[in-house]
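Per Swiss-Prot, the feature ATP binding site maps to K46, G53, R54, G55, E109, S112, E117; the stated evidence is sequence analysis. Marked as Mg(2+) binding site by Swiss-Prot: N209, D223. Feature annotation from Swiss-Prot assigns substrate binding site to N274, G331, I332, M333. Taken from Swiss-Prot, the feature domain 'ATP-grasp' covers 9-254, and the record attributes it to sequence analysis.
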Amino acid sequence: MNIHEYQAKALLHEFGVPISKGVPVLRPEDADAAAKTLGGPVWVVKSQIHAGGRGKGKFKEASAGDKGGVRLAKSIDEVNTFARQMLGATLVTVQTGPDGKQVNRLYIEDGSDIDKEFYLSLLVDRETSKVAFVVSTEGGVNIEDVAHETPEKIVTFSVDPATGVMGHHGRAVAKALKLSGDLAKQAEKLTTQLYNAFVAKDMAMLEINPLVVTKQGQLRVLDAKVSFDSNALFKHPEVVALRDETEEDAKEIEASKYDLNYVALDGTIGCMVNGAGLAMATMDIIKLYGMEPANFLDVGGGASKEKVAAAFKIITADPNVKGILVNIFGGIMKCDVIAEGVVAAVKEVGLKVPLVVRLEGTNVDLGKKIISESGLNVLPADNLDDAAQKIVKAVKGG
């Protein structure tokens, strides 16, 4: 689960992390009061969407002006103008895709007198089962570009959760950022604060880009991006309360109601599979035969008929789907339950695209019988390779 920048900063501030003062704004008429509360003389008006690259992004609407999604204002009148232009407009960035995202919230923040910009992030390193720090002197830019062009400027190290963050970790951050004296002490303190927030809130990723040194000699978090481990949200109702469903894919929201593992993709072949490994293999073989999957969908091992029907309806709700591949290897998940769910869903919503079904495992004969006697126009497949070839051929009109 992701949250907005202003929410991330408020959360980090609870752990003592230094941030600039700011006020979230949902209506243009509230911008004036927000700016006056902060005092100025310089304000930063920031679009709040779940995507990076906001500063270099462009709005679709001409009425939003030709500036990006993060704007510097030198008067309250300018703050008000930017708020009117940006709220409700569609911002396109390198991470939103061509459709962009509508800006429904702004964050008006005190301007900072910046001397240096750095990069600092924490994430879960699944290979080592530790929390990894990624640190670079190259802040304010895409860290992927830095990794590609000048990888020597990125320093990484891990913290063992059994011992937690220690003094030498903070010193490692200060050294990587080439800080000394009081700034080094600030970096050591910040390292502990960020780690404590990361662990306490069960974050999956915490990215500070940029972390700045002001001309007054203070470290400050200028932008923050936070993702949480969805499996731990039941422990954090205060985090769940921050969720903004308008920033999420409607199909993914619907899938979460049925505890389905669903991720929308950009392809045209919808997939319904049981098991994450088999789902990834199914997506790979679709790509092998020259097409792209429209989604990742794992119905899990104990799905009911109703859950399977819901999954099928979510797939068919995607207008980009031109064909559907159901690939089930029945263990705990029984093939007849899958068949009943698919038949029920098709009878309810109709079937306007080719459907290939490959069933194997528990109750496979009963599952195949249910589908064959349903009267539906379903293409059966004997194995995964056969299934992939059939759905690709059907979608291409072969």
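Keep in mind that glycine also has a Cβ here, set from the backbone N, Cα and C atoms.
Residues near G53 (ATP binding site) in space but far in sequence (CB under 8 A, at least 6 apart, same chain), listed by position: T93, V94, Q95, N142.
When the record's substrate-binding residues N274, G331, I332, M333 are compared pairwise by CA position, the greatest distance found is 10 Å. Sequence-distant contacts of G331 (substrate binding site), defined by Cβ-Cβ distance under 8 angstroms and a gap of at least six in the same chain, are G301, G361, T362. Closest to S112 (ATP binding site) by Cα-Cα distance, out of the binding-site residues N209, I332, M333, is N209. The binding-site residues in question are S112, N274, and the one with the fewest Cβ neighbours inside 10 Å is S112.
Neighbours of D223 (Mg(2+) binding site), defined as other CB atoms within 10 A of its CB across all chains, total 22. Neighbour counts were taken as the number of other C-beta atoms within 10 angstroms of each residue's C-beta; across the binding-site residues I332, M333, the minimum falls on I332. The binding-site residues close to E117 (ATP binding site), defined as a CA atom within 10 A of its CA, are N209 out of N209, D223, N274, I332, M333. Most other Cβ atoms within 10 A: among the binding-site residues K46, R54, that distinction falls to K46. Ranked by how many other Cβ atoms sit within 10 Å of their Cβ, the binding-site residues E109, E117 place E117 at the bottom. With every protein chain in view, the residue among the binding-site residues G55, N209 whose Cβ has the most Cβ partners within 10 Å turns out to be N209.
M333 (substrate binding site) sits 44 Å from N209 (Mg(2+) binding site), taking the C-alpha atoms as the reference points. Between the C-alpha atoms of E109 (ATP binding site) and D223 (Mg(2+) binding site), the distance comes to 11 Å.
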